[in-house]
Amino acid sequence: MNWAFLQGLLSGVNKYSTVLSRIWLSVVFIFRVLVYVVAAEEVWDDEQKDFVCNTKQPGCPNVCYDEFFPVSHVRLWALQLILVTCPSLLVVMHVAYREERERKHHLKHGPNAPSLYDNLSKKRGGLWWTYLLSLIFKAAVDAGFLYIFHRLYKDYDMPRVVACSVEPCPHTVDCYISRPTEKKVFTYFMVTTAAICILLNLSEVFYLVGKRCMEIFGPRHRRPRCRECLPDTCPPYVLSQGGHPEDGNSVLMKAGSAPVDAGGYP
């Protein structure tokens, strides 16, 4: 994947995104992906090599490392970023499907044929639901991975020394983690950015649902008032004083030219 493809992909997503979604994309690809590629992999590059225990028992450092780091931070973050960005691809695919269907429709019925969609640039119908579900899925993925990190690493902590008593270690041994402070800082940074992304996704969900409710139940969809229902002109025919039907406009002309006896009308 090159940067030109990534730019085209982001422009396709931004075409149908709100301001909150554009902020989310910036946070993901600047504060999460770039930090992960540039810095995080370098920090965790020596995680097992420099995991040292004060014992010479063969296999003890390996089992202790697996006990305290069952899954590497870097691999969990990579899986998290992949799952978080997949829903945006689904939105792009749905948009491409709509545009291709519209193109085939005009090729079959002519350029003057009515469009299948009212406005391709608006989120309506199935595209609205795809977009909304993608937001919920992204928030759920980030929340799920935050819970996994919390369960695997208590309070996202990175201690300097851990005590290990797993077999085949002969007794409780102390194991030392390399660069614990630096790893803790990056862990807190990734957790904070994930929490910000969850907040942005949920805010956009409430915004979209609230906007749709306003469109459905808003003032413009209420029934018109009785004053607006009344016609602007008189009915075409009214009864004259003699009981014969007479044009309403002629009655108005008579009313303007001579006084009309109000007592003759019921």
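Including glycine, each Cβ sits where the backbone N, Cα and C put it.
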Same-side flag (membrane), Gly126 vs Arg212, source Swiss-Prot: yes
Swiss-Prot annotation, disulfide partner among Cys86, Cys164 for Cys64: Cys164
Disulphide bridge to Cys169 as given by Swiss-Prot, partner from Cys60, Cys86: Cys60
From Cys86, Cys175, partner that Swiss-Prot gives for the disulfide involving Cys53: Cys175
Which range of 2-13, 230-241 is intramembrane segment, per Swiss-Prot: 2-13
Most Cβ pairs under 8 Å with the transmembrane segment (74-94), selected from 21-40, 131-151, 185-205: 131-151
DSSP three-state assignment (helix, strand or coil) for Cys53 (disulfide bond): strand
Spatial neighbours, same chain, of Cys164 (disulfide bond) - Cβ under 8 Å, 6+ residues apart: Cys53, Cys60, Val63, Cys64, Glu67, Phe68, Thr172, Val173, Asp174, Cys175
Across the topological domain 'Extracellular' (41-73), average pLDDT on the 0 to 100 scale: 83
DSSP helix/strand/coil residue counts for the topological domain 'Extracellular' (152-184): 9 helix, 8 strand, 16 coil
Cβ neighbours within the same chain of Cys169 (disulfide bond) - under 8 Å, at least six residues apart: Cys53, Thr55, Gln57, Cys60, Val63, Cys64
